[in-house]
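One structure below.
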Amino acid sequence: MTNISRRTFGKLALGATALAAPLAAPMGFVRNGWAAGKEIQIGIWGGSQGEFVRKEIIPAFEKDFGAKVTAEEGFTLTNVGKMRATKDSPKFSVMFIDDVAIPICKAESLIEQLPKGDMPAMANLYPKFGFDGWATALAISVASMFHNSSVTPPSSYADLWKKDYSGKLKLVSPKNTPSVFFLIVAAAVKSGKPFAEAQYLIDDSFDKVAELKPNIMNLFDNGPQAANEVAQGQADIGLLELSKYIYPYTAKGAPVTMSFPKEGSFAGNNCQVLVKGAPNRDVAVAFMNRMLETKVQKAFSEFALTAPPVSGIEFSAETLKYIAYPLAEMDKRGLFTPDWEFINAKRSAWTEKMNGIFSV
Amino acid sequence: MTQTISPLLKIVVGIILLIVVAPLIVPLLMSISDTTYIVFPPKGFTLKWYAAVLANPEAQDSFLFSLKLAGIVTAVSLILGIPCAVGLTRFKVPGQDMVLGIILSPLIVPLIVTGVALLQLFSIMGSRATMLQLVIGHTVVCLPYVIRSVSASFVLINRNLEDAASVLGAAPHVVATKVVWPQVRPGILAGGIFCFIVSFDDYPISMWLADGNHFPIPLYLYTVIERSFDPSIAAIASLMIFFALLLVLVIEKVFGISLARLAS
């Protein structure tokens with residue numbers, strides 16, 4: 001019998017382990033095993049974006065990480081409401097909201113700053129979509145006028161106040177975020193100032209808003225439905241809506257498309273936030289990182305016809321017809337993001353004024 | 001003696017029925033349009049939208065989940081509601097009006113407020129059981145329908161018939177099954193049907209409490225409308241109309257109560 005010293009035995013054992021490890025890997029080693037068995041709940045949007053997240057992104061993430069992700073579809077205000085209702089014992093880990101709600105969530109301590117060090121995909125994020133570390137954009141839509149393809153749209157928003165458009169316009173409901181864009185447009189038309197300055201003049205512009213009333217056929221609160229109605233010729237022009245609700249119809253061949261008056265357009269920033277005290281925070285951060293990865297962003301953008309907030313993605317010419325990308329293209333189109341902190345403080349009063357004008 | 005109905009009354013009733021039914025015909029027509037977006041009047045003819053909806057696993061899951069949820073909620077509401085209605089109508093209970101007021105309060109408070117309050121409550125309790133939350137949430141809003149309907153039956157019941165049966169030697173269970181049950185059955189059934197329909201159609205409570213694994217059909221419909229406003233929406237709406245019609249016919253056939261009695 002051969003005598004083996006403790007040291008020799010140790011070397012043999014180490015060698016055997018080193019040899020066995022690659023063989024055993026397929027059986028026992030799981031990439032991202034730290035997340036296995038964990039579960040997070042996330043609040044996402046509805047629409048085509050929600051569909052893609054649920055059908056494509058979540059299953060792939062669950063496969064790669066062994067974690068379970070349960071998604072609830074909603075919209076920004078509902079998702080903020082859910083965070084508020086569960087603030088003391090958070091149920092959700094990640095929430096998808098529009099940039100309009102980020103200041104509210106921050107002020108109410110509903111969210112926490114993102115751990116940039118744990119999110120390598122943030123390296124490609126355009127800085128303007130980082131929201132000071134409190135959120136990242138996931139998709140950027142353009143908000144502007146949409147019209148029936150048989151109609152020649154005006155080159156300036158100011159023309160919409162002309163009698164030619166009497167009863168031919170559909171206006172977005174005050175309860176929808178794009179109604180704020182309309183108020184900025186009205187203030188810009190009245191004052192002749194750019195959007196960046198006009199947004200602070202809204203209080204003095206409701207007479208201009210009221211002047212448009214004879215041209216408004218009705219208000220809409222569902223973008224896809226409004227796009228469908230304009231496509232059928234029930235109205236000539238709709239103002240204003242996000243491209244993600246209009247272009248899917250254009251791409252299907254419906255006679256509706258968007259136009260971009262000379263005053264400029266607005267950016268609709270769909271974002272993700274990390275809930276404060278999120279259950280399984282590590283999985284939540286990994287999921288948020290996954291959402292920003294180039295491959296995911298490319299597929300997500302092509303499906304929903306929205307622009308990604310990250311650099312370095314190649315799109316086909318067909319897709320580029322519908323999105324403003326890269327950043328230089330967004331800047332070229334003058335995509336304006338309002339001062340949401342200022343607007344949020346005034347929005348309920350403005351909503352009441354709008355209701356007063358259009359409900360009579 | 002049968003009363004003759006005047007021709008004018010027939011015309012008026014006909015017009016009213018037309019006004020009620022006409023909007024239901026619109027989605028039926030839109031659902032057969034051979035276009036990628038909704039148009040009215042329809043262009044062409046196709047049943048592909050029905051095939052697409054019926055073959056869609058998401059739609060199937062949501063529909064079956066709603067059926068299951070509404071079935072459980074109806075059973076729970078009847079189990080809780082019938083004894084409650086009996087207690088409130090047949091016994092002197094301290095704080096009776098207050099109890100009734102609390103039970104009926106979900107009919108007064110906006111459902112969206114009830115929904116968010118329930119979400120807050122379940123969050124504080126640390127509950128993650130979505131199905132249980134939905135059953136509780138739906139039962140809270142469905143229970144008043146059962147109690148109102150069943151209470152009305154018990155109030156209108158002829159107590160003399162029970163006394164007569166007892167005096168003539170009928171055992172309590174015989175009185176309950178042979179005398180009381182036939183009189184209250186329409187009320188209980190009506191309460192159950194209301195309960196089922198309210199739960200099946202509920203959006204505001206489910207919006208707060210549901211999740212991706214428990215996704216009732218009204219939420220699914222809303223998300224589909226947001227995704228794409230194509231004729232499949234009209235096809236789903238038409239299928240729901242057919243389902244409601246089928247429900248009424250089955251109830252009429254199986255339980256043998258006339259619509260007139262339900263409405264009374």
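For all residues, glycine too, the Cβ spot is worked out from N, Cα and C.
A TrEMBL annotation is a machine prediction, not a hand-curated record.
According to TrEMBL, the protein carries these features:
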- B:63-251: domain 'ABC transmembrane type-1' (DOMAIN)
- B:12-32: transmembrane segment (TRANSMEM)
- B:63-86: transmembrane segment (TRANSMEM)
- B:98-122: transmembrane segment (TRANSMEM)
- B:134-157: transmembrane segment (TRANSMEM)
- B:188-209: transmembrane segment (TRANSMEM)
- B:229-251: transmembrane segment (TRANSMEM)
Leading stretch by Cβ pairs under 8 Å, where the reference is the transmembrane segment (B:188-209) and the options are B:12-32, B:63-86, B:229-251: B:63-86
Which of B:12-32, B:134-157, B:229-251 contacts the transmembrane segment (B:63-86) most, counting Cβ pairs under 8 Å: B:134-157
Distal contacts, the transmembrane segment (B:12-32) - CB-CB under 8 A, six or more residues away: 38-42, 45-47, 49-50, 231-232, 234-235, 237-238, 241
